[in-house]
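Read the structure below first, then the notes.
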Ligand SMILES: NC(=O)C1=CN([C@@H]2O[C@H](COP(=O)(O)OP(=O)(O)OC[C@H]3O[C@@H](n4cnc5c(N)ncnc54)[C@H](OP(=O)(O)O)[C@@H]3O)[C@@H](O)[C@H]2O)C=CC1
Ligand SMILES: O=C(O)C1=N[C@H](C(=O)O)C[C@H](O)C1
């Protein structure tokens, strides 16, 4: 597959390394200064850029008939517009706040646990995410997906970075050194706590998941999620 990388930072470079191992070709490396892009040469675009750049990158890929996998976080206020644009143009799009297989299993576990905990009024849920100091957005996209998974399966109706009201999920954000990404969901009562935790040891899992999504997406039209790709 001929891949166009939109964003050639920490993730773009990791994807390049794994893509070559999987016999793919990187035919474009797009950054903020790129003047011209040969869209015709690209079978699938993989966007790991910045919150400010993601939507425009996705839109121009769709406009040029190029399927796009986006892992950029922090641009979700424009997600519905991206979905509508993709459907209108008969394009192909997968967005995931986290492409790693482990985190996608963690998402499923989080929803199942939320369902089990919902009737137990003695427990309150909260969340912590830890990332490297270079991260631009907070909370992480993954923490937002986890919070949405709890909200869909319980009486909680919002998340907050501040002091949580009765029906809000408190998310604590930590930025430390070069941490690739750690997420903990905690249910606490007076007598005990239940924690579920995912720890990324490096960025390979994210990159591999994005490549698997790109391999799956080529030849399809529509808007998909990692649930579709992994058949969860
Ligand atoms: N979904 C997932 O599984 C994962 C998602 N992420 C997310 O992916 C994104 C990128 O992460 P990461 O690689 O660590 O970040 P980096 O900052 O290392 O890389 C982002 C790159 O995008 C470049 N860029 C800026 N503007 C544009 C533009 N208009 N078009 C294309 N590229 C542009 C930046 O260039 P410059 O530095 O010159 O501005 C930089 O090289 C983040 O939003 C992060 O949260 C990260 C890991 C996993
Ligand atoms: O910025 C990162 O590094 C990461 N971002 C994603 C997020 O915001 O959830 C995924 C992963 O945690 C790493």
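Placed from the backbone N, Cα and C atoms, the Cβ positions cover glycine too.
Across the domain 'Dihydrodipicolinate reductase N-terminal' (1-99), the model assigns an average pLDDT of 98. Positions annotated as domain 'Dihydrodipicolinate reductase N-terminal' by TrEMBL: 1-99.
Annotation note: residue 99 (NAD(+) binding site) sits in a coil segment as assigned by DSSP. The NAD(+) binding site annotation in TrEMBL covers 31, 71, 72, 73, 96, 97, 98, 99.
According to TrEMBL, the feature domain 'Dihydrodipicolinate reductase C-terminal' maps to 102-230.
The annotation active site, proton donor/acceptor is assigned in TrEMBL to 131. Sequence-distant neighbours of residue 131 (active site, proton donor/acceptor) (same chain, six or more apart, CB under 8 Å from its CB) are 140, 174, 175, 176, 179, 180, 181, 182, listed in sequence order. In the three-state DSSP reading, residue 131 (active site, proton donor/acceptor) counts as strand.
Annotation note: residue 142 ((S)-2,3,4,5-tetrahydrodipicolinate binding site) sits in a helical segment as assigned by DSSP. The annotation (S)-2,3,4,5-tetrahydrodipicolinate binding site is assigned in TrEMBL to 132, 141, 142.
Annotation comment: TrEMBL describes 135 as active site, proton donor.
In terms of local Cβ density within 10 Å, 71 ranks first among the binding-site residues 71, 141. Annotation for the recorded positions 132, 135: lowest Cβ count within 10 Å of the residue's own Cβ, 132.
Close to ligand 2, meaning a Cβ under 6 Å from one of its atoms, are these of the binding-site residues 31, 72, 73, 96: 73.
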